[in-house]
Amino acid sequence: MKLLKVHGSGNDFFILDQQQFKQPLAESQLQLLAEKICNRKTGLHGGADGVLAVGASSKESAAVGRMRVINADGSEASMCGNGLRTVARYLSLQNQQATFKVQTMYADLQVKQSTDFAPQVKVFAAEISPVSFAAKDLKMHFAGREKLINQELPEIATDFKFSAVAVPNPHLIAFVSHQQLIGSKLGEIASYLNDGKNPYFPDGVNVSFVEILAENKIFVRTYERGVGYTNACGTAMSAASLMYVLLYQPQNFEQQIEVQNPGGMVKTVAHQRSNKSYWISLIGNATFVAKVTVPLADALQGDFKAITWEETGEQQAYENFVRGLKKSEL
Ligand SMILES: N[C@H](CCC[C@H](N)C(=O)O)C(=O)O
């Protein structure tokens with residue numbers, strides 16, 4: 001079985017092109033495969049944050065291909081912003097196209113090749129959409145609250161104000177001080193809301209703390225549903241950028257925002273359509289780290305003795321790029 005190890009801003013994945021098989025993997029196999037190869041201790045070459053399953057788009061879709069997102073714990077998500085940029089690059093090479101649509105769970109999303117951030121640091125832009133603040137779209141249950149826009153949540157924490165937004169996967173965003181950003185509260189709140197037992201987010205939620213560094217410059221730290229802390233979360237950085245504009249800089253729609261994260265940096269632009277709906281452009285690296293082969297049967301048992309791992313050389317280029325950034329640190 002062929003895999004491609006990729007990352008967007010250090011949020012890393014295995015791309016699994018299902019078209020290599022006569023039949024796509026059974027759902028149970030796809031889930032087990034993600035759990036086995038992504039495990040950071042026992043997985044494939046250090047594991048990953050998830051699997052991006054690429055396949056043919058459905059016949060009624062005009063998209064060039066389809067992306068499904070399987071978290072490291074085997075749960076499926078409706079969207080992955082960092083992953084979509086790497087799938088966009090993969091499909092652009094496969095189809096010799098620089099701009100096209102990719103089918104995701106709830107929408108066909110526009111992607112396009114953008115200007116490299118540095119030599120061998122390939123960059124793609126991805127449409128992050130649809131956006132909703134509705135509790136039903138977030139699968140969020142706080143008594144009597146249909147929306148959460150910069151509100152206290154005494155049920156889960158004091159000293160913070162939260163906004164809940166689906167892009168379309170669910171995000172809980174709080175703007176915080178640097179001390180709060182680097183503290184333990186994020187992990188405490190997020191692990192509770194992702195315990196599978198709490199009454200507020202029964203399906204879990206991605207939780208992010210955001211520090212405002214300057215105008216149009218923010219730092220986003222995320223504890224992801226189905227994964228835990230990641231270097232970056234593309235949909236979280238997009239959701240945080242939209243909340244930053246709505247809450248602090250309502251004139252800054254259509255302006256580029258620099259979003260720093262523990263894994264590097266991406267750029268975002270918040271947009272509002274004429275019908276008043278919002279969407280976000282997420283612009284960042286789409287790094288191919290290595291071409292990988294592993295027998296499927298071995299991988300399903302967590303046996304990675306017979307793998308091949310062929311580095312592309314891009315990871316070194318990405319690390320040089322990050323070293324050159326004037327970046328805040330946790
Ligand atoms: N953990 C997320 C899916 C991956 C999103 C993230 N890696 C991104 O880049 O957007 C969720 O369960 O909604």
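In case you wondered, yes, glycine gets a Cβ from its N, Cα and C as well.
A quick note: this is a predicted structure, and the numbers were derived from the prediction, not measured.
The record from TrEMBL ties N11, G81, N82, N169, N206, E224, R225, G234, T235 to substrate, and of the options N71, N198, N216 it ties N71 to that site too. Within 10 Å of the C-beta of C80 (active site, proton donor) there are 28 other C-beta atoms, taking all protein chains into account. For the recorded site, G234 (substrate binding site), the DSSP three-state label reads helix. Sequence-distant contacts of C233 (active site, proton acceptor), defined as residues of its own chain at least six apart whose C-beta falls under 8 angstroms from its C-beta, comprise N11, G81, N82, N206, S208, V220, T222, E224, N261. On a Cα basis, G234 (substrate binding site) lies 7 Å away from C80 (active site, proton donor).
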